[in-house]
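Take a look at the structure below.
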Amino acid sequence: MPSRAASPALSENEFDITGALFQNDSDSDAETQKPTKRKKVPAAPNVNLDFLGEANAGDSDEDDEAFIAEKQTSANRKSANLKGRTVKKGGGFQAMGLNANLLKAIARKGFSVPTPIQRKTIPVIMEDQDVVGMARTGSGKTAAFVIPMIEKLKSHSTKFGARGLILSPSRELALQTLKVVKELGKGTDLKSVLLVGGDSLEEQFGMMAGNPDIVIATPGRFLHLKVEMNLDLSSIKYVVFDEADRLFEMGFAAQLTEILHGLPSTRQTLLFSATLPKSLVEFARAGLQDPTLVRLDTESKISPDLQNAFFSVKSAEKEGALLYILNEVIKMPTGPTEASLRLKEKGPEDSKNKKRKRAEMERAVNMKESPTKHSTIVFAATKHHVDYLYSLLREAGFAVSYVYGSLDQTARKIQVQNFRTGISNILVVTDVAARGIDIPILANVINYDFPSQPKIFVHRVGRTARAGRKGWSYSLVRDADAPYLLDLQLFLGRKLVLGRESDQVNFAEDVAVGSLPRDGLSQTCEWVSRVLDDDADIFAQRAVSTKGEKLYLRTRNAASAESAKRAKQVVTSDNWTAVHPLFQDEASNLEAEREKMLARIGGYRPQETIFEVQNRRGGKGGKASEPDEALDSIKRVRSTLEAKKKQRAQAEELEATTNTDGAEVDGDAFSDLEGDNANIPDNMSLASESDLEVTFSSYNTTDKASKSNSNSKSDSTPTTLFQNPEYFMSYTPANTSLAEDRAYGVHSGTNANFASATRNATMDLQADEGGKGFGEPRTLMRWDKRHKKYVSRQNDEDGSKGTKLVRGESGAKIAATFRSGRFDAWKKGKRVGRLPRVGEAETPGLAADLGGSGGSFGGKRFRHKSEKAPKAADPLRGDYEKMKKKAEAARERAASKVGGVTSGGKSEIRNTDDIRKARKLKQKRREKNARPSRKK
């Protein structure tokens, strides 16, 4: 038999497919080989060709999946980071190893270049590392964790069990996340469900039975379903805690701990937050495995385009100062805004069209991307201040929106949307409320209440002067806030300019402090006083805000001791009350002298008491009186105080001379430390061990001490220096300010140690009365009649009274109502025997049979529309009369139907509006068809 001709196509063993795999990869070394002549190879009988089976007999399927995923990622990547090659500058999503379908979805959504948080987090997440990301809402953090999730999950799994879990603090944020997942998941068959409070539990039972891939939920409802359905979470590979600081603030810590206990240890956990409270750091240490902290350096620095102005005011002038800044400095217009006028001008037909209305709102948002000179955000201390300022500014005629932590979610969304679309120009918020809001680029930021930490100041003013645009921040500083201002000045490392000490002031590089013009400020203060006298509601709101401020000041962080000492000198100086350099052109020399005179009168303190004045004038009746005992006691106290002042002054002079002599003797020994520690405040001894550990991690104290010791070798140093250079470690660093490190640590270089990285990034915001227990007595008791004793009233408020709380699997207390038996009743009603276990094959069409939405949110549901004749009432039943009346009413309704339309239905007679509308539709059809009328 003649031999068979060789096949023109090469076999799998002779054809190299690497060229086809990497044909678009410019960095691949593989090249397409030319076809070679086929050689005849004699067959080897009884040869076992299963080499892979013998070599990899012990390997698992997970290793194969990891190998395939790695190869596919390298094939998708346009430019690999190989030796001698670097990724292109400004590389987009193509350089991250994403598949083609996901890249198309990203381009369809309008993402061309990744945001900074996306550029930093996505490569780390793709390497299966746990990540703690600090980013505000609006920075693209939602896509930063959704894109890697879709890339990792790829397609729907036929094995039962969810693989992705996203926990959000509110229903609105969960809906927003679901929308992003749906848009980026186009082209895949991934199923996603939304589990939030307020929806039907039975429908959510059907959703979970439909084997979703991604679960987007709030912690309370997801824990309820977990306990009720006895869910097995061992299949989850990807967990995201979105707005984690908000989750802890709303009291979801117990729910998160219980959920975290049921997750597998092999999961990948991501945690995104706007700030990093201490409680969140502890949670991350316990729930994440060697996490990586991702924090943008740009969010920890003040923009160089930001100009700052600090105004010294008195407590009674704060409202007037705020109005003066809005009216005279920002030139804020009063009355309705242009956006609100445009909405009023629209006809009723346009307002009824939802699609057109939504398009107009989106167009308004896009127009708001470039800041106007009137968009302003005002930061207040508590929610009571927010309510008070909102009412006061509304009374002044401004268009205002307000947001605080405990505000209803729907109202919060409406208020923020009004500000974004330009319906209002001013947004009054608290630090807690503004932390995660997607606020557009602003032109002005006003600190009505000065922040207690430099971090919070940076967090506030970081919303303006973005993308190369100019911005202003105005801060009202009282005498009690001066220490915090000096702490901020030390942290920023800028020059402090009081009043008109310098003719040339750079508001972007200096901390310029001064007062507002007295004439304009007095007018606004008089207007505020008149409003408070006329409006009882605003007066009551001010009283409540004053009480809330007292509680806020009790919990506020204390300023440094050195700044408190300097603040006394700064506040008592004449330049503290001088006119701010911002108003230098407006005030003439005569006005400046007038301001100085008013400042002297305002700061006048009498040297004599009323008793001394009366005695000098001859008593109350104008005649000389005998020496009074009160007057004698006052004189004795005054003489004692004057003697103490003299002693203190002499002691200070003696100490100064002693220090001068010591500096001359040991000048060489302390010359090195003196220059380095010139700006170190005195409260450095209060630094904790963690702060010292962070500081000393990049500083070699032994070398520094040995260097100072070598420079100070003399005969007199052994009696002066007490430290042993071999063992002594100084508590102050020689090259950096520890106060700056404590205030805000900008990470640089390696970030391998999460604990040390989070110490500098931790920031706790003061509550704005939104937190439970703020301003309330800690122990509220009530009398328990049954047990004859006092018990805590907190049990009645959080549901822990009696047996309403049970311990979950992790030991945390959860509500006992989570296990109510509704899932068993639902299974019985749906005639479901047993749902598939995790890892088993899913049942096709199970979700549709159970009445779910097929694994998606917002699916169509069956509705009963058929009408049947009512059954006749049974005389033997107890509700015979009731059923008889129902049957008669149903027969009357059926008898009233004429021609299929009820008596209450729409009339078929056309009115003038119907005829006019029909003519318009007919004319539109004629124009659309573009056909001439038929000739008769």
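Glycine too: its Cβ is placed from the backbone N, Cα and C atoms.
Segment annotation: Swiss-Prot labels region 'Disordered' over residues 1-48 (candidates 1-48, 769-816). Long-range C-beta contacts of THR142 (ATP binding site), restricted to its own chain and to partners at least six residues apart, with a cutoff below 8 Å, comprise GLN176, THR177, VAL180, ASP242. Long-range Cβ neighbours of LYS141 (ATP binding site) (same chain, at least 6 residues apart, Cβ-Cβ under 8 Å): ILE117, GLN118, THR121, GLY133, ALA135, ASP242, PHE272. Here the domain 'Helicase C-terminal' (360-511) returns a mean pLDDT of 83 for the predicted model. Ranked by how many other Cβ atoms sit within 10 Å of their Cβ, the binding-site residues ALA135, SER139, GLY140 place GLY140 at the bottom. When DSSP labels each residue, the compositional bias 'Basic and acidic residues' (907-916) comes out as 5 helix, 0 strand, 5 coil, counted as helix, strand and coil in that order.
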